[in-house]
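For reference, the structure discussed in these notes is given below.
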Amino acid sequence: MANVELSEGTIQVRGQSLFFREARPGNGQAVRFSVLLLHGIRFSSETWQNLGTLHRLAEAGYRAVAIDLPGLGRSKEAAAPAPIGELAPGSFLAAVVDALELGSLVVISPSLSGMYALPFLVAPESQLRGYVPVAPICTDKINAADYARVKTPTLIVYGDQDPMGSSSFQHLKQLPNHRVLVMEGAGHPCYLDKPDEWHTGLLDFLQELA
């Protein structure tokens, strides 16, 4: 098993302290690129640690960073830049990326985190290498023209038992460069219901971006 280096810490973003967990390849192994993992309202960076996603990504050669979003997890004291369900400024996630020095990256965005990732995705200056939405909210708040301009390779993931996954897909399918992974028998946090299928699909997608 490949050696993996684990760490955690905080970054300052617009005067707010945000907690993060990180896993990267050990033994001085070169990093392919960075993957930023966001989370839903009932979850946190700990979800990705416990599921093994951080470890699996680092084993495969990626720098994996999971943050606790403002007001949640160990970032509970941080004020969110927008009310839940409203689009946050794209510059907020850009500031997170800068503070973590992630460079060209892939963003994994389940559920609640759509309010942060979608504005970042459609920003003209976006440096996203790849986008992995998992039944995110706010997909109806992006217009068709903005979706059509996005060239970022996208893996749309959702469980077939999740109505939000189906409804968000109706908007996300407007992204020109997308593929779809539907997990049979899985609900809203489909990655928890089908972790092996999640990790296989994610790693296959990332491999093609290298």
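Positions of Cβ are set from backbone N, Cα and C atoms, glycine also.
Mapped onto three states, the DSSP output places Ser91 (phosphoserine) in helix. Annotated phosphoserine per Swiss-Prot: Ser91, in sequence order.
When secondary structure is read from DSSP and collapsed to three states, Ser111 (active site, charge relay system) falls in the helix class. Counting every protein chain shown, the Cβ of Ser111 (active site, charge relay system) has 23 other Cβ atoms within 10 Å. Swiss-Prot lists Ser111 (among others) with the feature active site, charge relay system, giving similarity to another entry as the kind of evidence.
In the three-state DSSP scheme, Asp162 (active site, charge relay system) falls into the coil class. Long-range C-beta contacts of Asp162 (active site, charge relay system), restricted to its own chain and to partners at least six residues apart, with a cutoff below 8 Å, comprise Ala135, Ala186, Gly187, His188, Cys190. Residues or ranges marked as active site, charge relay system in Swiss-Prot (evidence: similarity to another entry): Asp162 (among others).
Annotation comment: Swiss-Prot describes His188 (among others) as active site, charge relay system.
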Neighbour tally for Ser91 (phosphoserine), based on other Cβ positions within 10 Å of its Cβ:
15
Distance [Cα-Cα, Å, rounded] between Ser111 (active site, charge relay system) and Ser91 (phosphoserine):
20
